[in-house]
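Novice: Before I ask anything, here is the structure I am working with.
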Amino acid sequence: GQLPTWLQGILLRNGPGMHTIGDSKYNHWFDGLALLHSFTFKNGEVYYRSKYLRSDTYNCNIEANRIVVSEFGTMAYPDPCKNIFAKAFSYLSHTIPEFTDNCLINIMKAGDDFYATGETNFIRKINPQTLETLEKVDYNKYVAVNLATSHPHYDSAGNVLNMGTSIVDKGRTKYVLFKIPSSVPEKEKKKSCFKHLEVVCSIPSHSLLHPSYYHSFGLTENYIIFIEQPFRLDIVKMATAYIRGVNWASCLAYSKDDKTWFHFIDRKTKKEVSTKFYTDALVFFHHINAYEEDGHIIFDLIAYTDNSLYDMFYLKNLGKDFEENTKLTSIPTCRRFVAPLQCDKDAEVGSNLVRLASTATAVKEKDGNIYCQPETLCEGIELPRINYDYNGKKYKYVFATEVQWSPVPTKIAKFNTQTKEMLHWGQDHCWPSEPVFVPSPDAKEEDDGVVLTCVVKSDPKEAPFLLVLDAKTFTELGRATVNVEMHMDLHGMFIPEQVVKKETE
């Protein structure tokens with residue numbers, strides 16, 4: 001096929017790549033050692049490169065020729081690498097052992113630099129062109145967090161907004177929202193932007209010893225949206241996991257009879273909206289987008305009714321019969337919630353406060369809390385991406401992978417949230433990754449551009465390829481076949497050529 005002449009830059013992807021070291025194997029697919037890979041678009045041609053992230057975790061494991069650093073689903077014993085993995089038990093103020101720097105989930109841009117990210121307090125700077133691993137950054141040196149999301153947001157000035165959980169503070173568990181500036185003052189050019197990191201606000205956890213697990217958060221023009229779901233970490237269990245010989249993942253529990261709380265933080269005042277909004281128990285990983293309309297916050301996410309998704313990725317379930325063994329017990333559902341912020345104080349108890357054209361409801365209760373029920377937009381999509389120029393704004397399109405009977409994607413989809421129409425791309429025995437939308441330079445409409453996805457084939461003898469689709473019509477423009485074993489990855493980003501140039505200068 002042919003690639004658009006304007007498509008110049010690097011698609012950078014990250015995901016678990018090595019699951020066996022010597023005679024030892026990880027238990028879970030999300031534990032594998034991070035493998036970065038990139039597709040560079042230059043004058044109508046595509047160049048491929050991949051490289052393991054040379055984290056301290058990677059180096060220790062390779063040197064010992066076995067797994068010596070614990071990951072979320074795999075506890076390692078005994079641990080000669082004491083500098084990475086501190087003793088796993090002590091007082092509650094130090095319960096959290098030092099985590100891995102195997103940053104295998106996503107790529108983040110901070111200032112002019114790029115980082116591989118996971119969900120611990122460590123991120124690793126990388127060179128986006130050579131995929132070389134550079135210095136390790138510990139968020140904890142700049143803000144008291146032990147865990148952080150790998151789905152940050154970027155505001156119009158290029159600042160990074162992210163969230164982390166602070167467990168260390170004498171049992172006062174809280175969620176911390178922080179901002180990393182896009183640039184530092186001229187006279188401090190040598191300093192990193194992390195030195196100027198600021199805490200925007202913090203939200204106390206509903207339960208001190210059971211903070212909510214979260215993988216992403218939402219953003220509108222004026223608000224930050226944090227959802228506290230009843231899928232929680234048990235800190236006491238985590239603190240004793242090492243002694244008990246179990247992995248940290250076993251310390252996660254879902255309480256299906258509990259509430260899911262919505263927190264809205266005003267970006268100007270940095271204060272939380274005082275009205276309490278909640279919905280029924282749910283488990284979710286990915287926010288899609290959020291925006292404001294006529295005094296309402298509208299936010300879309302992909303939710304489940306149980307936590308079976310994580311369990312499916314234990315490697316014992318991903319053998320040759322995994323199509324039989326891994327049936328989702330809860331299909332991912334794209335849900336739209338509507339929270340009326342400017343609701344009438346005198347509204348009757350039991351009345352629906354939503355004043356927009358949506359089947360989502362928000363019902364006032366006796367105690368003043370507001371109980372929200374979503375509108376279901378569609379089912380069976382995951383790993384959602386949007387045109388990020390529309391982040392926090394009213395939008396139409398979601399680009400996502402399509403999952404049917406199993407958690408492994410079989411197609412990619414374009415979903416119109418307004419008309420509910422869906423376009424698909426899929427071929428037999430093809431497993432596509434998260435689709436990344438790249439806008440065309442002269443884009444007039446939200447879907448002017450291309451969608452990029454890496455596709456792995458069921459038959460290892462068949463070469464994987466990068467697929468380029470016209471984002472409007474979902475027709476194939478071209479594919480670049482790569483004659484290597486490509487891994488299924490998780491997340492990534494497209495770096496336009498002008499940004500890459502700036503980085504190399």
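Cβ atoms are placed via backbone N, Cα and C, with glycine included.
Not my notes, these are from TrEMBL:
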- His151, His215, His286, His491: Fe cation binding site (BINDING)
Novice: What is the total of other Cβ atoms whose distance to the Cβ of His491 (Fe cation binding site) is within 10 Å?
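Specialist: A 10 Å sphere around the Cβ of His491 (Fe cation binding site) contains 22 other Cβ atoms.
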Novice: Select the most exposed residue of His151, His215, His286, where exposure means the fewest other Cβ atoms within 10 Å, treating these as the binding-site residues.
Specialist: His215
Novice: So around the Fe cation site, His151, His215, His286, His491 aside, which residues have their CB within 8 A of the centroid of those CB atoms?
Specialist: Ile105, Asn106, Thr149, Ser150, Ser216, Phe285, His287, Leu383
